[in-house]
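Undergrad: Relevant sequence annotations retrieved from TrEMBL are reproduced here:
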- C:60-268: domain 'ABC transmembrane type-1' (DOMAIN)
- C:12-35: transmembrane segment (TRANSMEM)
- C:59-86: transmembrane segment (TRANSMEM)
- C:98-120: transmembrane segment (TRANSMEM)
- C:148-171: transmembrane segment (TRANSMEM)
- C:192-213: transmembrane segment (TRANSMEM)
- C:250-271: transmembrane segment (TRANSMEM)
Amino acid sequence: MVAHAIRLVSWAALAFLLLPLVVLVGASLTATSYLAFPPQGLTLAWYGQMLGDPSYVSAFATSTVLAAVATLVAVLFAVSAALAIARYSFPGRRPLSEILMSPLILPHVVLGAALLQYGSAIGLVRSFSALLVGHVVIILPFVLRTVLPQLTEDQRSLEEASADLGGRPLTTFFLVTLPQIRSGLVSGAIFAFISSWINVELSIFNTTAELTTIPVKLFNYVQYTIDPTIAAVSGLTVVVAAVVIVLLDLTIGLDVLSERRR
Amino acid sequence: MTTSILSANGLSKSFGGHAALADIDLQVEQGEFIALLGPSGCGKTTLLRCIAGFLKPDAGSISIAGEDVTALAPYHRPLNTVFQNYALFPHMSVVENVAYGPRRKGAPRAEAMRRAEEALDLVGLTGFADRMPARLSGGQQQRVALARAIVNRPKLLLLDEPLSALDLKLRKKVQRELKQLQEKLGIAFLFVTHDQEEAMSMADRIVLMNRGKIEQIGRGPDIYRKPATRFAADFIGEANLLPVKRAGEGGFTLFDGAVSITNGSAPHAAKLLGIVRPEDVAIVTDQALTGFVTVLASVEDIVHIGSHGFVTLRTNGCILISRTTPDTISKLVLGATVHAGFRSTDVHIIAEQAP
Amino acid sequence: MTASWRTVAQLAGLPALFFAAFFIAPMMVVLIASFTTPEGAPTLANYFRILFDSYHWDVLWVTFRIGALTTIVAVLIGYPLAWYLVRIVNWAPWRRACVILLVVPLFTSNIVRSFGWMVLLGRNGLVNDTLVSSGLIERPMRFLGTELGILIGLVYILLPFIVLAVGNALAKVDPALEQASADLGAKPFETFWTVTFPLSLPGLMAGAIMVFMLAVSAYVTPALLSGGHITVFSMLIFQQYSSVFDFHYGGALGITMLVLTLALVAIAGRIGERRSV
C-alpha cells in the first residue's frame, strides 16, 4: 500500500522533472514561427538560425572560455589551499577554510552587486577579468569541498613513503598525491565548470552587449521575446548537459544512491 | 518427548544459483548453548538470518517452541538477535536502546526503562544508561547489544559472531561471562562463529557447517575424537590424515603396508582415511615403544612454541605431525631417523568422500 | 617550523590573497557603503529606510513565504522520491537513469529551466491545455505572474538538492539497524519512525536548509516567472545596483538579506540538531 503510494508520487515527480526539458527540446524542433508544443512539423532550422547569428556564437565562446579559465584557476587555488589546510597546522587554518567555503552560502546577487561596486572603485568592470574573478570566487568551494576530504591521513603516509624513497615534493605531488585525489578533483572541477557555465546572477552585473555569456544573453532575451530560436539555444544547453552527465556516469559513476546492502 | 525450542526442517536457500543452504535439519532444546561453526561462506550466517526472519528460505520450515514461524515477519518471532557489529541505534542512549524492545511490545515507558536498567545491571553496565553508544568501548557496546537482546526474555537468542570485533584477551573474558549469563537465564543460545576454540570452549553442542550443509552435530570432544568427515577432522583441531588400506577382516594397513592395525568401527567404503591427532603421535630416537605401532621416519621440520612443539616427520611418502614436549624436541636434530608411534585405538577410520 | 611556514605561505598565500581582494574586500565595501551616506558620513538611514517601509516588509514576507513553501513542498515530494530511488528501485539501470534525470536540471541554467516552465505554464501552454480539455477547469488559469507559478519553478529547480541529500543519508543507514529494530518487535512503520527517519534527519535538514537559502536568494526564476507582477527581495537589490545606482541603499538591502537568511538557517540548524539527538 505505502510502497504503491510512494511509487506514484515518485513517478509523478520524475515526470515533473522531465517535462520542461522535453518541452524545450520539443518546442525547438517546431516548424512554426512561434513556440509550439507538441511541435508542429519537425525542423532543425532554428538551430541553424542560432548558429548563423554571430552574437550567439560569441556568447557561447565567451561562456566556454570563461568557465574553462575560471575552473583552471579555481583548481590550482583549491588544490594548493587544500594541501596547506590538510597537511599543516597553522594559526588561521580554520578561518581560511571557512572563508574559502563561504561563497557557497552567499546569495550570488549580493556577491555580484558587491563585486560591481568594488570593481567600479578599482576599475575592474564589465570586462573578461571582472567576470573571471567573480566566477573563481563562487566555484572554488566546489573543488575544495571534493578535494579536501580525499587528503586523508592514510595518504600522508604514502607521501612520507615517497619522500623516504627519494621523491622531491613536486614529484611526490604529481606521482603520489594527485592520483589519490583525482576522482574528487575531477568531479569538483566538473561541478565548478558547470556552475560557471550556467551562472546568471553574478555575470549579469558585468556583461555588456558585446561581452556576454550565453545564460545572460538568454535571460535578457527571454524577458522580452519568446521564439523558437530561444528554445533552440536552451535545447542545445540541455542536450550538452545530458551528454556531459551520461559521460560522467560512464567514467566516474553517478550511482550515488545505490545502497550497500549486505 | 518435549518440544524443541527451535526446529528447522529441510531448509534450503540459494542466491543466484549458488546454494547457500541445502536441506538443513536442526533441533535446539530448551536451555542449550549451540555453536554454529564453519568457515566463512559455509552458510551459517544465512541459516541464522533465516531463523531470525531476515531471509525467507526457498524450502523447508522453522518452528519455535512448537509454533511454525516460517511465514512470520521478524517482529512477530519470539526470539532476539545480537548482531555482528552490534547494530546499536546511534541516535539513542544506552538505556533507550535497551528499552526499545519492551516499548515495542507495548510496555509503558517507566516500566520499559525499569526493565532496561535491570538488563543493564545483569550485563554489568550499571551507571552507563545515559551514555551514547558511540562513546562506549567495543566491549561495552557488546554488552549493550546483549542487554538489548535479552531484555524481552526471548525463547531463543541468536548471536551472530558477537565477539569477532573484540581483541583476543577481552574475548576470552567475555566468553566466560556469556556462558555464565546463558546458564543463569536458561535461554537457548544459537551462536555463530568461525572460531573453533570459541565453539569448543562455550557450546554444549557444535553444529559444524560446510558449503551449505551440516557436516556433523555433536559435543565438542566427540567431534574432536570421532570426526565424521575429512572436513570435520581438519577444521576442528590439527589432524594427520592418512590413507588406509583394508587388509582382511577387521585389519588395516597404513604407510603403504608398513604398519598394520585392527579397528572394529571402520565404515564399509572403497576408500578409507585414517585420522590420528598429533598429540597421539609419540617420538623415540632409539627403540620401539611397547603397546604402540611404530614406523621409521625422518625429522623434516621442528617448530617450538614454548609449552610444546610440533615435529614434522616423513615416512614412506607420508607426512606425519607429532605434538610433543620441549624435552623430546631438544633431543631431535633435522634429518635424523626416529621411531614414530601411536596406539591403534587412536586411529579413527572414516570413509574418504569423493572430492 | 620556519620551513613549514614557508610551505604554508607558498601553498595558501595566493588563494588567501585572492579571496581577500575579490571576496572579503568587496563584501566589506558593501558593508561600509550600507552604513554611510553618498557623502561618506556614517549613518543608519539606509537600514531605517528598510525598517520603516512597509513595502519592504511585504517583499520580505513574500520572499520568505515563497522560500518556506518551496522548502516544504520540495521536502514532501523529495523524501518519497529519495526513498523510492534508494529503497524501492532494485534495477540498477533504472536507478541510474533516474539519478541522471535528477542531475541534468542541476547542470542546466536556471534560465533554461524557468523558460521551460514559461512555455508550459503560459495561457495556451501544455498545462492549461491539459487542465481545460480534461474538464478540471473551464478557463485557462493564470500561473505566470502568480506565487504558484514561482513556487512551481523553484520547487522544480531545487527538488534535486533534497532528493540527493536525503538519498545519500538513506543509503548510508546501516540495514542492520533496521533489522535490529524488527528483531526487537517493531513493525515496519515503527522502524521507520524510530530508526530510519531520525537517522536520515541530518541529511534532510542539510538539504532543506540548502533549498531554503537558494529559494530565498533566487533571482532568475522569480524574475522570469513573476512576469513583473511579484517582487522578491533579490529583485530589489538588483534594481538598486543596475538601474537606480544607489549602492548605499542597495548595500543595506543586501546585508539585510544575508543576515536574515543566515539567522533563519542557524535557527533551523539548531532545531534540527536538537531533534536528531
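Cβ atoms here come from the backbone N, Cα and C positions, even for glycine.
Unlike curated entries, TrEMBL annotations are predicted automatically.
Locate each feature and note its surroundings.
TA: Residues of the same chain lying 6 or more positions beyond the ends of the transmembrane segment (C:98-120) and with a Cβ under 8 Å from any Cβ of it are 85, 89, 126-127, 144, 149, 152-153, 156-157, 159-160, 163-164, 218, 220-221, 224-225.
Taking Cβ pairs closer than 8 Å, the transmembrane segment (C:148-171) reaches residues 66, 69-70, 73-75, 77-79, 81-83, 85-87, 102-103, 105-106, 110, 113-114, 117, 121, 196, 199-204, 206-208, 210-211, 214-215, 218, 221-222, 224-226, 230, 232 in its own chain, all 6 or more past its ends.
Tertiary neighbourhood of the transmembrane segment (C:192-213): same-chain residues 67-68, 70-71, 74-75, 78-79, 158, 161-166, 168-170, 173, 177-178, 181, 186, 261, 264-265, 268-269, 272, 275-276, selected by CB-CB distance under 8 Å and a gap of 6+ residues from either end.
For the transmembrane segment (C:250-271), same-chain residues at least 6 beyond its ends with a Cβ under 8 Å from one of its own Cβ atoms are 30-35, 46-47, 49-50, 60, 64, 205, 208-209, 212-213, 216-217, 233-234, 236-237, 240-241, 244.
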Undergrad: Can you work out which residues elsewhere in the same chain, 6+ from the ends of the transmembrane segment (C:12-35), have a Cβ less than 8 Å from its Cβ atoms?
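TA: Residues 42-44, 46-47, 247-248, 251-252, 254-255 contact the transmembrane segment (C:12-35) from elsewhere in the chain.
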